[in-house]
Amino acid sequence: MEIRAAEISKVIREQIEGFGADAEVSEVGRVISVGDGIARVYGLDKVEAGEMVTFSSGVQGMALNLEADNVGVVIFGSDLEVGEGDTVRRTGQIVDVPVGPELLGRVVDALGNPIDGKGPINAKLRRRSEEMAPGIIPRKSVHEAVQTGIKALDALVPVGRGQRELIIGDRQTGKTAIAIDAFINQKQVNSGSDNTKKLFCIYVAIGQKRSTVAQIVRQLEEMGAMEYSIVVAATASEPAPLQYLVPYSACSMGEYFRDNKQHALIVYDDLSKQAVAYRQMSLLLRRPPGREAYPGDVFYLHSRLLERAAKMSDKMGAGSLTALPIIETQAGDVSAYIPTNVISITDGQIFLETDLFYQGIRPAINVGLSVSRVGSAAQTKAMKKVAGSIKLELAQYREMAAFAQFGSDLDASTQKLLNRGKRLTELLKQPQFHPMPFEEQVVSLFAGTNGYIDGIEVSDVNRYEEAMLSYMRSSHNDLLATIRETGDFSDETKSKLTAALDNFAKIFA
């Protein structure tokens, strides 16, 4: 084969001209010290706050403290895999997670990796964990109801789509139970084909026991609620940085639905454990402690998370993200640091009491201390008309009950008020995993506020309610359907319902 010098020189010239002079520069630092999930790194001069870094062992971390001579990195994993002198590389990326409908029905960790053994998640989109909350102009007032299926909530402390309603109470008072019941109650609305009415659910477990998370997942699966839910978990055995990060990651998953003309409901269980994880990280990073040893920006920790829950304007697609943060109190002390912070950020609170719980009043909602700052704007017309008087009657009952302990001779009107109050309190009791459809709640509360249960023994109120609803389903299903479809309670519906309840009163014994 003949070799031509001209061809060789041409090839060499082309190679020289096409040679890329831009060498890839990757900034590398070294670990000075490591311990308690924190690594001090030297040499990452251009690293940005919140940037992901990778250690030579493959473990990831996040740069949180940028100091003059070193960088404080929190480790997303075991610090046993990171040693002094190890190399650390910048990734140039902020923490992001997979988002989209592909996550529905799955259990993932704080970084969006599946932990349910059902294979990889092929999400088409990713989104940063920390996103800016929507401004004032893209928002709209809350005006649609989130039907929780819990009578005491839907009637007295209504939650609207886009609202932030705090669930607060001591341990073992049924905080998580309220959230799970709200998830289960979305089954009917999610079985339809209209995506703008559906409400997707996200449960965020922060610092919970693994057995507790497994139990919640099993309950959601048994009730058929897992298919429209995502469970995001950073359990008690996981490092503090992941417990700190998990609410933000889960919120990004919820924001996908909010920004795509859909609706999502997110439960943070619970934010006191996130604050404890953040306090641990801050103290180890040598940040100055404040009240109760929490860092100075612990308010901002929760406010920047909860502000991301919003009802978007029609121009922005009219989607919404509703947040139900949970806070655990110690011995009912709502004036502690974290509870007061979160109460001031949210649009109302559901206050659960141990005493009520042990008296058998479940859900153990203290109606006097619980409030929704959105109020009746988040209720349907039917519920507004029926539940308007119940809150006042219960408030009067509690006031009178306190006085009645001291006096035995009470006049007839006071006696009537006390009797009605006892029966209404009984009517608002509800077993767990039995959320009630909206139209049945309306009928039940109408019977309660219009004297149909006044002549019934307190112990028979629940039996009356079950029998009455069963009668309504079998004989007056059209009436229930009208309330459900119109969401209103017209005079015609009222007269029909009154006649039906009068009829039932004759046959109930």
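Placed from the backbone N, Cα and C atoms, the Cβ positions cover glycine too.
Since the structure is predicted, the reported quantities are computational estimates derived from the model, not experimental observations.
Database features (Swiss-Prot):
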type	residues	note
BINDING	Gly169, Asp170, Arg171, Gln172, Thr173, Gly174, Lys175, Thr176	ATP binding site
SITE	Ser370	site 'Required for activity'
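Listed binding-site residues: Gly169, Gly174; maximum Cβ neighbour count within 10 Å falls on Gly169. Cβ neighbour counts within 10 Å, taken over all protein chains shown, single out Lys175 as the most crowded of the binding-site residues Arg171, Lys175. Apart from Gly169, Asp170, Arg171, Gln172, Thr173, Gly174, Lys175, Thr176, the residues listed for ATP, the same chain places the Cβ atoms of Glu328, Leu352, Thr354, Phe357, Ala364 within 8 Å of the centroid of those Cβ atoms. The recorded positions examined here are Gln172, Thr173, Thr176, Ser370; by Cβ neighbour count within 10 Å, the least packed of them is Gln172. Close to Asp170 (ATP binding site) in the fold, though at least 6 residues off in sequence, lie Glu328, Thr329, Gln330, Ala331, Gly332, Leu352, Glu353, Thr354, each with a CB less than 8 Å from its CB.
Mapped onto three states, the DSSP output places Thr176 (ATP binding site) in helix. Between the C-alpha atoms of Gly174 (ATP binding site) and Ser370 (site 'Required for activity'), the distance comes to 15 Å. Annotated pair Ser370 (site 'Required for activity') and Lys175 (ATP binding site), C-alpha to C-alpha distance, rounded: 13 Å.
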